[in-house]
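Trainee: According to TrEMBL, the feature transmembrane segment maps to B:21-41, B:47-72, B:79-103, B:115-135, B:147-166, B:186-207, B:240-257, B:269-286, B:293-311, B:317-334.
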Amino acid sequence: MSAVPSPSSQPLLDVRGVYKRFGGVEALKGVSLELHPGEVVALAGDNGAGKSTLTKMISGVYPADDGEIRLDGQAVRFSTPEAARVAGIETIYQDLALADNLSIGANIFLGREPMRRAFGVLPVLDRRAMAQAAKETMSRLDFHVDRLEAPVGRFSGGQRQAVAIGRAMYWNARVILMDEPTAALGVPEQRKVLTLIRNLKAQGRGVIFISHNLQDIFAVSDRIVVLRRGSLAGERLIAQTTHDEVVKLMIGG
Amino acid sequence: MSAPSTSLLRANRHSKAPHPWLVRLAALRAWLFLALLLVTFEVWARASYGVSFVLSSYNAQSIAVFAVAPLLLALGETFVIIAGGIDLSVGFVMGLSAVLAAHATNAADSSLPPLPAMLVGIAAGLAVALVPGAINGWLISKLKVPPFIGTLGMFGVARGTAFLLAKGTTVPVTNDWFAALGNGRLLGIPVVVLVTAVFVLFMHYLLGQSRFGQHTYAVGASEQAALRAGIGVGRLTRRLYLLSALCAGLGGVLYTARFTAGAAQAGEPLLLDSIAAVVIGGASLFGGSGTILGTVAGSLVIAVIQYGLVFIDVEPFWQFVAVGVVIIISVLVDQTQRKLGGER
């Protein structure tokens, strides 16, 4: 494996030698991964390589059988995705997990809606605060929408992706896992999502970007971690590798 | 970041977004329907009988009283349907509450003054409704029984229990307070209408301004989205079916008050009317949309059709045809709006 110089900062997320077994199948055999603030790490590998097992362990869907996960240098063990989210690890799902009939603000605050008191007594949803937060959050993503009350179902795929990312951002997610965020999108929309990822990077967040699309990976990532059959096949700085080399790592040529 | 890439993220409105006025018009369609019906009956009544349909406070009050029971059922059904469910048990839950309210009032009358005796009856009628409501919620949230099947089962259970409790007949009540609740007036307005109006305001607030209402919409749009946002979907579901049953219970109590007798079949014809009111009011049976004010308009549409056709002396069976046609038109308008609105 070629030496990959680590950025000087302490890693935001430090996954050390994690194992995962499902019955007789070893899904992950001692995989390590570091993610630094402001860094985009692509996670690549063929189907069944262990990408989604690794991300599910990081996001609290299930625990590791062995090894540890450190967040800001502290060992963490999440029993639920909720716990991971509270700690600042947010997953952007392929199907986005948005309520299409609600506004951007209502989606950002879904499950944690701010309330105010009408006439000093009656608790009511603070829609103005939600709309204001939506406007500010989305403008940080260079997403300018003129009708904040419109349900997100009216937006395009890339715009909805931006809403999901905006929600993660608003709640101060520092590690953002994105599972094939460009897979279901057309080319212009894919470009928007890559722009969003660069934006998160500029804000000093760490992004783990899972993709099959090497072009997207090379366009946006700093490093690439390739898994093969549950093990680390290789790790490269994007600036120092090629499509061919990554493909060879993936298929084990 | 470079300028061209940021401009890519500008929300473009040419693609899917419909004109705002079109959306508002669609939300108001039940009220437009209502206006159209009132105009039609007005013209017909004047042409045929030389009287006004609309400018008669007797007609207005009759329609309002007529609309009360199906509206109460429809209010709870609105929440359930927005959440993507359905409650078929409400009609007989209403009957069960009506019968039990009558029995409890009669039992309390022997030992208590009339006012507290009535309150005992009301409390019993509302409380008994919570039992089928709780079972519905449990079946659907814990045992994952489809709402259609679970509440259909409870339809049968509540129906049988109500008839057994009533011993197959009606249960008369002699409590004067109860009779006053059902037939009295306050400031010239029937008390049952006032009670229902207050309840409508409460439900409107609950759906539009509370977290509970907001989460109801979210679950109807995507249960996965709600779960991932940390919403307790199971608990929400159980509360929704309790709320629906409570509405039916209130309907049953007011029925007993109005007719000074509880009857197991009190809500039998009202189930389909209440679902129709919700659909005419703009809710989608696929969940995710609907409003309380729409449901109020939907209930009034049905009440005006039923009362108006009698008023202009059309054979009563035409009511069913007319309500059926209005339901179909509502669904067609809804589908067209969805296409124009670009919603999935």
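Including glycine, each Cβ sits where the backbone N, Cα and C put it.
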Trainee: Can you name the far-off residues of the same chain, 6+ from the ends of the transmembrane segment (B:186-207), with a Cβ under 8 Å from a Cβ of it?
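Mentor: Contacts of the transmembrane segment (B:186-207) (Cβ under 8 Å, skipping residues fewer than 6 from its ends): 61, 64-65, 68, 71-72, 75, 78-79, 82, 180, 213, 216, 247, 250, 254, 257-258, 291-293, 296.
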Trainee: Which range out of B:47-72, B:115-135, B:240-257, B:293-311 gives the transmembrane segment (B:269-286) the most CB pairs under 8 Å?
Mentor: B:293-311
Trainee: Between the stretches B:47-72, B:79-103, B:115-135, B:147-166, B:317-334, which wins on the count of C-beta pairs under 8 angstroms to the transmembrane segment (B:293-311)?
Mentor: B:47-72
Trainee: Counting CB pairs under 8 Å, which listed stretch among B:147-166, B:240-257, B:317-334 touches the transmembrane segment (B:115-135) the most?
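Mentor: Between the stretches B:147-166, B:240-257, B:317-334, B:240-257 has the largest tally.
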Trainee: Using Cβ atoms only, state whether the transmembrane segment (B:79-103) and the transmembrane segment (B:240-257) have three or more pairs under 8 Å that are 6 or more apart in sequence.
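Mentor: The transmembrane segment (B:240-257) and the transmembrane segment (B:79-103): touching, yes.
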Trainee: Which sequence-distant residues neighbour the transmembrane segment (B:240-257)? Criterion: at least 6 residues beyond either end, Cβ under 8 Å.
Mentor: 68-69, 72-73, 75-77, 79-80, 83, 85, 87, 89-91, 93-102, 105, 121-122, 125-130, 132-134, 136-137, 140, 151, 173, 178-179, 181-183, 192, 195-196, 199, 216, 263, 266-267, 270
Trainee: Apart from its near flanks, which chain residues at least 6 from the ends of the transmembrane segment (B:47-72) lie with a Cβ under 8 angstroms of it?
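Mentor: Those are 38, 41, 94, 189-190, 192-193, 196, 199-200, 247-248, 250-251, 254-255, 258, 266-267, 270, 273-274, 277, 295-296, 299-300, 302-304, 306-308, 311-313, in sequence order.
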